[in-house]
Structure formats: C-alpha cells, structure tokens
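Asks: Below, the features straight out of TrEMBL:
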- 20-292: domain 'NADP-dependent oxidoreductase' (DOMAIN)
- Tyr52: active site, proton donor (ACT_SITE)
- Lys81: site 'Lowers pKa of active site Tyr' (SITE)
- His114: substrate binding site (BINDING)
Amino acid sequence: MSPSTQTITLSNGVEMPVVGLGTWQSSPEEVIAAVKAAVKSGYRLIDTASGYHNEEAIGTAIKQLIEEEVIKRDDLFITTKAWTNQIAPGKLESALKESLQKLQLEYVNLYLAHMPAATNDDMSQQIASPVEDIWRQFDAVYKAGLTKAVGVSNWNNEQIGRALALGLTPVHNSQVELHLYFSQHDHVDFCKSHSVSVTSYATLGSPGRVNFKLPNGAKLNWAPAPSELQDANVLSIAKKNNKTPAQVLLRYVVDRGIAIIPKSVNESRIKENFDIFDFSVSPEEIKKLEESKISQRLFAQDFMIGHPEDPFVNERQ
C-alpha cells in the first residue's frame, strides 16, 4: 500500500487520507506553492477554512494541478470549515457555496463547523444558537450534495452527542487540538464509540502559533508550553528509527488511528511530514511517550467565553 492510499473510513463509507496538509497561517502566495509541493509529494488531503483566508489560492493551485494532469479531482480530499458567523441561523448553505466558488469546486469532501459558538459577522456579538440548530444546517448541505461528509471542530463530547441524538446525518469527523502533551484519550474514545473519526491539529505542539497575528497586526500572548520536539522519549524513538522528532510525534498520533494535518510551507518539511510510513510507534512506545502526564491545551479560544455553547467551559473553571 502506498502512503497516498493510507486512509481512514468514515461512517458513511467515504475514505479520508490519514495525512493531509494543514494551511493555517499560510498566505495565499505561500499556500499555492505548498499545495503543489504536497500533492506532488503524495498528499491527497488539503485542509483549509474560510477563516484562513486562503481558499481562493488553494483553488488556484488545485485547478493548475488538474490542468497539468498531475492529479484528478476525484483523487483529492478537500476539507474546509465554516467560521462562527457562518454557522449562525440561515447562513451555512450560502457560506459553503461561497467557499466552493473560491475553491473552484462543485463539492468539498468534508465540511466542518469550525467552532460550536455562533456569532455575528464581526464577532462583536455572540448568537445563542444551540448546536442542534447548527447541525440541522450541516445535515441540509450534506443532503444537498455540496459536501461528501460533515463534521465538527473544537466541539466537546456532550455537544457531539447532542448532534448525534437528532437522528439526522451523523457527525463523520471531529477535528480537535491533539498532540503528545494534550492526548485527548477521553475524546478519542468517545468518538470511536460513536463511529466518529478524529483528526488532530497542532500535532507537533504548534510551535508556529507564536507567529500568529490578528488582522490588525497585533500578536497574541500565548501561554508558555514545553516543546514536545525536545521530549527525551521522543528523541530516543527518533534516534532508534533514524527519524526526526517531528516524524515521531506525527506517527504517535497516526498509530492511535487518528488523522493528521501538519502545516508547512517549506517543501523539504512538507516531504518530511509525509515520510512516516516506513516505521511505527508501538503500543509500548506510546505508553512510554505518555509517561510525562503533561496535559496542556494550547488553543483556549477565549472568544467563546460566556457563550452558552462554549465547549471548554468546564476546563476554564
């Protein structure tokens, strides 16, 4: 089996590649080159979001790759996400159609609710739309054929359970912050028990998050966090397998049956992040890696504080 055919089967039978290219913080100029390098290196999953402001550039890259006969549309798995204003009542279908126009696609393979907390357009006002109402909109766009699968991001177990309880289209995927120092075993176990696949973001501990700037140019004050890339057990397994610490951290998650979407705009790093199929991390090594017992969420999403659907409210107490 070639790396590009390594997949996770969603509950509706759709095959999702286990490794994809993340594009958060990738500028339009950077992301065109990154997507091309990734696809030519074997990637078939590209993950974006309306909130990343690079869907149009990704669409350009995809179109060029198809025109150059490097790839066919059917071979690609494109994920995008609806931002907080787009999950507000009555907004989702037009939001997805706008994303499709930018991506120059007739459908996406996976459409996610980026957050469970709805807001108005400039995020100055929270909208108390329950996740049940949000999920009814996702059920509708799925049944309209605008996406091959639907899911959520940054939702907690209880919120996913409420969406599933509606008896509509099931939640096919949950994309969450998940890495060695935030292993999310409870969430993964919950999702697996309900046939919901899981995708990890920040799989490498998101060292690049400190470079993030708000639209006004301001930087955020990130809480200090230990570097997983310098973890002694990670370094030991990397040395044993002649791999980099990053490759060990990625494989640690893949060997737990979870998809990954590491972000890079560096061609050699893009190739490195995909070159993880010639070794594995054993259950014993996973246990060893988790000995530190460190548990630290890096993305608190503070803008959801006070919202009735704040998924992290219990953690904030």
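Placed from the backbone N, Cα and C atoms, the Cβ positions cover glycine too.
TrEMBL does not curate its annotations; it predicts them automatically.
Note that this is a predicted model, so its numbers are computed, not measured.
Could you place these features in context, so I can see how deep they sit and what lies close by?
Replies: Restricting the average to the domain 'NADP-dependent oxidoreductase' (20-292) gives a pLDDT of 95.
Residue environment of Tyr52 (active site, proton donor) contains 23 other Cβ atoms, counted within 10 Å of its Cβ in all protein chains.
Non-local neighbourhood of His114 (substrate binding site): Ala49, Ser50, Gly51, Lys81, Ala82, Trp83, Thr84, Ile87, Ser153, Asn154, each in the same chain, at least six residues away, with C-beta under 8 Å from its C-beta.
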Asks: Please report the number of other Cβ atoms within 10 Å of the Cβ of Lys81 (site 'Lowers pKa of active site Tyr').
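Replies: Neighbour count, Cβ to Cβ under the 10 Å cut-off: 26.
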